[in-house]
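Straight from Swiss-Prot, the features:
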- SER80: pyruvic acid (Ser) (MOD_RES)
- SER80: active site, schiff-base intermediate with substrate (ACT_SITE)
- HIS85: active site, proton acceptor (ACT_SITE)
- CYS100: active site, proton donor (ACT_SITE)
Amino acid sequence: MKTVELTNGSKKKVEDRIVGRHVYGNLYGVDPAKLWDEEGLKELVREAAEVANMKLVEVRSWKFTGYHGGVSVMALVLESHITIHTWPDYEYATVDVYTCGERSDPWRAFELIVERLEPEDYVVHYSDRSSPKRPLGGTAGRIQ
């Protein structure tokens, strides 16, 4: 634990580590019209950020036309990001929700996206990306 000073001048004890939660998955059998709908996907990541208690900074998108084209949407949130990448020709999308902090809920954001895109099937993964206390010395995880 360490003590930090807040912007209002008060002090608070906090755990000295970063909390990182990463929910990501693949969606199969999604209606291609939904996967081509750039504006709809942008609105979806906005809503996902809201229900997950994330503070939205900006939403950007890119549409790639032609065979194997698709849409990529990225929401930059104060806590990290939400992305959706689509391949309408394959009725396929990937979804990535990563948050730093304990107040936001990446699961809720992921679930909303799945509910709205209505895939025939999906696979979801979770990774705890929180930082442990930093080890002293040693070379574990370092490239020499």
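A Cβ is built for glycine as well, from the same backbone N, Cα and C atoms used for every other residue.
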### Message
Taking DSSP as the reference, which of helix, strand or coil describes CYS100 (active site, proton donor)?
### Response
strand
### Message
Can you tell me how many other Cβ atoms are located within 10 Å of the Cβ belonging to SER80 (pyruvic acid (Ser))?
### Response
20
### Query
Just counting, how many other CB atoms are there within 10 A of the CB of CYS100 (active site, proton donor)?
18
## Note on the structure
Excluding its own, the Cβ atoms lying within 10 Å of the Cβ of the residue listed as 'active site, proton acceptor' add up to 18
### Query
Which state, by DSSP, holds the residue listed as 'pyruvic acid (Ser)': helix, strand or coil?
strand
